[in-house]
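A.B. asks: First, the structure itself, so that you have it in front of you.
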Amino acid sequence: MAPKKGLLQRLDEGVVIGDGGFVFALEKRGYVKAGPWTPEATVQYPDAVRGLHREFLRAGSDVMQAFTFYASDDKLSNRGNESSAKYTCRGINDAACRLAREVAEEGDGLVAGGLSQTPTYLSGMSKADTQKEFQKQVDVFVENKVDFLIAEYFEHVEEMEWAIESCLKSGLPVVASMCIGPEGDLHGITVEECAVRMAKAGAHVVGINCHFDPFVTLEGLKKMKAALDAAGLKVHLIAQPLAFHTPDAQKQGFIDLPEFPFGLEPRICTRWDMHRYAREAYDLGVRYIGGCCGFEAYHIRAVAEELAKERGKLPAGSEKHEQWAGGLRMHTKPWVRARAGRQYWENLRPSSGRPFSAAMSKPDAWGVTAGDASLKQKKDATTEEELTNLAKSCKVANGK
Ligand SMILES: [Zn+2]
């Protein structure tokens, strides 16, 4: 058997499809707790994690991202989290790598180990302290022989540069993806400068994940591309946006919207939104195209179907999904059979079914970020008194 092609060769030759949102999907299924959003499920519920990898593989994902989001030791022991003590940082990351590899081997998938932003940085601690947390995860990724590393969900380019430096020591290809939009990072660095700094730090692929919808994300990527081209920096681009519409989000993205995280459902993108996203991303020159929170397997399948010509194949999951609603030709009712075509779904404006819902919300906009005292993290659980004080500043809870 020919050896597997690596990430960079695949990107040079064509398009690579990423996976979808693990913490969000597994939270809904009952295996991840919203709040800490840590991935101890790799040890507690390996079947659930394995099953989700399989769904994405069947939908067309070329990459199995090991479920190591927020699996730095400091996050696993933040605000009363007992996952570090119970399962250990090493145990959770190691199990994640094994599960991803197991499923990747069932197809032609690549395995990525992932780092994300840390409470250590958010608390204003040093580069050495922050990199110590990264190193614990990178060591496990190297031992498990992952195919590449992905530093994702960073909202400050400074912490991202530190993560890239830690990743590069492994000798593996490094993907760097920030959760920022067209307005740039949370310390006021423009999206253009973030891209240039990630590339200069040595990342092989740079871009954006999470926090914004596919189309806002692509606006950010357009700016990144222009800045990279102007600086003569040759790197590939990655997009892994939300599957929620966020036209009203500000700098801090969807976590600032009042519906985050338990009332976002009316904003979910359709599979047809994802066709448009995949096409626009490809046309912009993005070659690593995937998803983040809210992306389920059918969203990834839509990306794979839109890019079927470019990839020379359809995903296995298309067995149960004829292109452009073709399966509806088998429907019993004539008005539903009439919908068996591309034009119908491209012209549809779906309604929300909620008569008193507005199209947009007002973000919370507390305006604090790393360096602010209110963002200092701690190991102790949040107290009742702290909660009561926080609720006083909360508009929705006070009926405003
Ligand atoms: Zn996300």
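Just so it is clear, glycine is given a Cβ too, placed from its N, Cα and C backbone atoms.
Okay, so TrEMBL annotates it like this:
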- 4-307: domain 'Hcy-binding' (DOMAIN)
- Cys210, Cys292, Cys293: Zn(2+) binding site (BINDING)
A.B. asks: Are there residues of the same chain, six or more positions away from Cys292 (Zn(2+) binding site), whose CB falls under 8 angstroms from its CB, and which are they?
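C.D. replies: For Cys292 (Zn(2+) binding site), the qualifying residues are Gly20, Gly21, Asn209, Cys210, Gln240, Pro241, Leu242, Ala243.
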A.B. asks: Taking the Cβ of Cys293 (Zn(2+) binding site) as reference, which residues of that chain separated by at least 6 in sequence fall under 8 Å from it?
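C.D. replies: Same-chain residues close to Cys293 (Zn(2+) binding site) (Cβ under 8 Å, separated by 6 or more) are Gly21, Val23, Phe24, Cys210, Leu242, Ala243, Phe244, Phe254.
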A.B. asks: Any idea what the model's mean pLDDT is for the domain 'Hcy-binding' (4-307)?
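C.D. replies: That stretch averages a pLDDT of 98.
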A.B. asks: If you count Cβ atoms within 10 Å of the Cβ of Cys210 (Zn(2+) binding site), leaving out that atom itself, what do you get?
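C.D. replies: Looking across every protein chain shown, the total is 27.
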